[in-house]
Amino acid sequence: QLTPSPFLRIGQLSNVDLNEDIHELETEVPRQRPNEIPHNEKLLSLKYESLDYDNSENQLFLEEERRINHAAFRTVEIKRWVICAMIGILTGLVACFIDIVVENLAGLKYRVVKDNIDKFTAKGGLSFSLLLWATLNASVVMVGSLIVAFIEPVAAGSGIPQIKCYLNGVKIPHVVRLKTLVIKVCGVILSVVGGLAVGKEGPMIHSGSVIAAGISQGRSTSLKRDFKIFEYFRRDTEKRDFVSAGAAAGVSAAFGAPVGGVLFSLEEGASFWNQFLTWRIFFASMISTFTLNSVLSVYHGNAWDLSSPGLINFGRFDSEKMGYTIQEIPIFIFMGVVGGILGALFNALNYWLTMFRIRYIHRPCLQVVEAMLVAAVTATVGFVMIYCSRDCQPIQGSSVAYPLQLFCADGEYNSMATAFFNTPEKSVVNLFHDPPGSYNPMTLGMFTLMYFFLACWTYGLTVSAGVFIPSLLIGAAWGRLFGISLSYLTKGSIWADPGKYALMGAAAQLGGIVRMMLSLTVIMMEATGNVTYGFPIMLVLMTAKIVGDYFVEGLYDMHIQLQSVPFLHWEAPVTSHSLTAREVMSTPVTCLRRIERVGTVVDILSDTSSNHNGFPVVESNPDTTQVAGLRGLILRSQLIVLLKHKVFVERANLNLVQRRLKLKDFRDAYPRFPPIQSIHVSQDERECMIDLSEFMNPSPYTVPQEASLPRVFKLFRALGLRHLVVVDNRNEVVGMVTRKDLARYRLGKEGLEELSLAQT
């Protein structure tokens, strides 16, 4: 165990989302910035709190539920659908905004650079063009990286690992704030325009989730505004369901794949699932893709033609030309194997790179410098590759947006430039649909190699960016190369169409990196608008996942593990039957009596060494000496609200009626309950008594201490608990199981390992 130094203790306080007063406290402590942060993947961080998926069924809650009649429940249900519709509309609009801004800015940048290159090709001095391109890229990425590193670091990356953790029940600070959304959207635009090897699809999932969390609460803590709507939904249970709808809406806006969105939410995200939730999520996805479609159609000038369902459209694949035969099945399986191996290589490289970043590049200024370096290197690599390439293709009949002539004859363009000199989305579509013979195999091979390392280096930078499109692009490039080699071998027979293999390669590469099966199959089918390839895509993805999992785990799971998040998988580790609740639980437990002194409560809450969030309530009979039986469970947040509203009476008149609190008082304080330091309790008030009976949850879940770990795990995970009380046969509290106690045990290479807990 690390000994908590004073400056780590302050870091610990930030579990309770603090307001301004504590930030002043933080700045007083001198920030010692070590040059190297020792980081070990065998740690579990204590800075993450759990979400409460389980409602606290205290007297207030039960009274409120009994007051609500059938008609009122109907209005609540209608409100849920309305919120889902709003999530869909807003997510679609955000996606439109990103798309339109990226298209215009990137178009402007490429036109400037193209004119410059054309000018200097004629009279020599191309190094100026390179300087211009690299400077443009680096300066745009610098802005994008500055806002992420200094304003909201949680907006870095694609945000999918963070949302996955949130839906698993881990409270990641600031992950669903409005500020995060603004930084995310601006960051994505800047990093795509800055020419990094990134896509804008992954961050849409995070953006959708933030929108969902914001709308469903009916207020914004960043703006300090409360709209007084949807107050019934102010608790973790409801918020988490809406966030999974937001994630689905994000996927469906990104790929134009509503069913894919629902499946993504099911496969990667939501830990809890029921049929009503599925319908609502599907509704949100559908609305989101429709909104995006109609707005973009109006923007492109054909208002009645709904032809752009997603941010990326892979274009139509022609079914007549593009069938497949039985002898191609082994070829597809082989491509899946290649995708799995390459994906595993990508993940392994990115793992070591991320470890290096955590250890050495942890200052925001260094992170910005690294992002600028990557941007400049990307431009330089692209320029050098285009410069050295002698692969010329005729301009006639080709659909190239920015044809660069460079050293080609008149009426021809450089085909390496179509791959590098474009946003990654457009390059993917070109690789899928350009007619056979548009690319030289050498061009594709070099491009795949360079782009693989660039994309690997870029993922994990301090910019908002996704890994979806770069993976598709790498896969499409080697898939097309594969198709060309096949048609060489088979003397150009009709079935070896390079576009088809580009699609399979893209699926294999993406499946090998992120290891999603269900959702990816449907996303690829919906984005290409082709059902013919359903079976080959499934085959390729299955193979890629099986092969990849043999080497390392998926990219998102790896990043979750690197951040030491106490993430609970679907099942307990296989070999853990030998452990019982007695060995897993945390002891000693801080218990409160049913009628407790206010001073005792304040002292327990102020004790930074324990920092518990749930306290079992035991019977308070002062005459007996033995430990009393369990009566209920009360949360830190509830106690803080009670102290803040001063719900206590003097010892003499215990039978007086206390000031009645309503459930609304607890909801208004959610989700940022004030820290105990901000609540003033005078010396006289410390002697008063506080009666917890109507606020505690009188029926908390308990397990006997003999229960095996898989049993405890199943109960904890399936009900989404935050605290599970361990009792002995006399119903006396002997321990408490929390998320960290269960997430500590993991299957390693040598069997079951136990991770150590760290304060950082």
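Even glycines carry a Cβ here, placed using N, Cα and C.
In TrEMBL, annotation is done automatically, which means it is predicted and not curated.
Checking TrEMBL for transmembrane segment across the ranges 399-420, 531-552 points to 531-552.
The feature transmembrane segment, as given by TrEMBL for the ranges 242-265, 626-649, sits at 242-265. In the domain 'CBS' (696-754), helix, strand and coil residues by DSSP number 16 helix, 22 strand, 21 coil.
For the transmembrane segment (242-265), the partner stretch with the most Cβ pairs below 8 Å, chosen from 130-151, 181-199, 329-353, 501-525, 531-552, is 501-525. Remote same-chain residues near the transmembrane segment (531-552) are listed as 317, 319, 322-324, 328-329, 332-333, 335-337, 339-341, 343-344, 347-348, 351, 500, 503-504, 507-509, 511-513, 515-517, 520-521, 524-525, 558 (criterion: CB distance under 8 Å, separation of at least six residues from the stretch ends). Beyond the transmembrane segment (329-353), the same-chain residues lying 6 or more positions past its ends with a Cβ under 8 Å from any Cβ of the stretch are 452-453, 455-457, 459-460, 471, 474-475, 478-479, 482, 486, 501, 504-505, 507-513, 515, 536, 539-548, 550-555, 558, 562. Counting Cβ pairs closer than 8 Å to the transmembrane segment (277-299), the top stretch among 81-102, 181-199, 442-461 is 81-102. Long-range Cβ contacts of the transmembrane segment (181-199) within its own chain (Cβ-Cβ under 8 Å, at least 6 residues beyond either end) map to 94, 97-98, 101-102, 105-106, 109, 133, 136-138, 140-141, 143-145, 147-148, 151-152, 155-156, 159, 206-207, 210-211, 214, 312, 374-375, 378-379, 382, 423-425, 451, 454-455, 458-459, 461, 463-470, 472-473.
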